[in-house]
């Protein structure tokens, strides 16, 4: 608004511009959408496309330069190498476990926030859930490292379990908030009605609460699943001797300077997420988001 | 607090001058790949592009642009007491502009822009810079402090060509074997303790999380399985690499965790989660400072390690200030400061009298050439065997990286 008034030379010109836009809906729309579309197209999809293209190139072992000649070699290596399958499956397992744990922890939490707490307490609870996000990721991961060490408070040691636990902690707010938002939109009258019609709590949950908040839970799971799938730092800190897809990408790009192979490995989580989103779409959850 | 750079970042697949590298390491000029601008001479040496050395030192140009590892050019911003940049500026009138690089690749790329005057290059970057003509030979007569540098660091394959110095040694260190004295008995003197399949310390062994650690296994195999014929842990053919990989896979059964971040190693040795494994001197010091019962040794097989070199750009815009910096960084006081801050052995023999901890040089074995003769300094493995073999193709760093992924499973 302010930019319009300052740039327009006179009120008359502004009015003329406004009426021009009013008459030409197409121009109006393209002006409105050009910025977000440019962002989506260039910065977001462009980066993904570059990734995909790079994956079909190779590196010259002699000079270290990227050779821009089409080859399937990276994907052949990826598919035939047993270790990559193992790592991919392990990463999916970790992501699924983290999502499940977060769901189980987040749902009662979100329910209490949305339905049981007073409006004042609600505000404070939201802040409490958000507070951990203010602290650095590394600080939190190292805090878990200290707790999990054998002389720490928990003393469970490092490994896959430690990774799952730490990731569950890190991504929990991303699960609580969507579910909380979903439960907020759920009218209390529905719960009352279910009670009046004689439904026990579990039945109310199963037939009323869960179906209506399912899309919200799916939204949360997309966060936790994709964030876990891409993580490589937590597993470096508390993972002991395990590795996930992210570590394979990191090692190839950071240490070996093999960008094409790293790009090929990086397409694995992208494909997994696409499959996941397709599966979610089939349930119809995305329409209700 | 000390702040060593992340060492996992240094090895890199290179290899603009792979041919040159191979030739320097004594590889006979058998390979006829017509890649780089520098051709391998028949004698096995390689001829770098002809670049004039600075003949005499003029007045300073008022500033100097450096590419350095973190912790190599401290100006007091990390710790007010750790500052050898401001005294330099005051003494020479050269303002220092430092660009910290994270990897050797980054260093090479930065130097190729021509914007910088000097660089603290590691063994896997220095020869690339020489062969590509990015750095000039150094006239050591113009660096008065050079005479006090340990002989064991002068004119080495990674900082000179054909007896011509291309840089000033900065410092060095070895990767050591550390163990907790309360759990590990008897005191080990061999890397065998971390490679033993029937190790009593199962789940408490640690190893360095980088493909370059394959060289540690190869080093152990040099003496444990001489029939493999490994002469240089950075020059492994397919069979030798496979043997090293198998050894590391077997070792993985006993590994508690891999480390690449030095704070992680400090903490796990302190808590006792790790009982034995590879380490750096600085880690050992930090663990000992916290009163944890640990001890280190340079095992009888020797060990891997690093050695860095300050080099001057061929197109340096401020060569006089660059030379002044080279002389400054290896001056007894500054060299002692940087060595103590970073946790490595200084290059200048006289630095040992200037360290705040009087036993520093003993701790880091600065004067112990016998000690460093057992250290195989990190070099990037390339297809041309670094040990001089021409009848086989060696495995390069990208193969090592994939092997490392496979080892970790």
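Keep in mind that glycine also has a Cβ here, set from the backbone N, Cα and C atoms.
The domain 'ABC transmembrane type-1' annotation in TrEMBL covers A:88-280. Annotated transmembrane segment per TrEMBL: A:31-57, A:92-112, A:124-144, A:156-177, A:208-229, A:259-279, in sequence order.
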Other parts of the chain folded back onto the transmembrane segment (A:124-144), taken as Cβ under 8 Å at six or more residues beyond its ends: 109, 112-113, 117, 162, 165-166, 169-170, 172-173, 176-177, 180, 233-234, 237-238
Of A:156-177, A:208-229, A:259-279, whichever stretch has the most CB pairs under 8 A to the transmembrane segment (A:92-112): A:156-177
Same-chain residue ranges lying at least 6 outside the transmembrane segment (A:31-57) that approach it to Cβ under 8 Å: 21, 66-72, 74-75, 259-260, 263-264, 266-267, 270
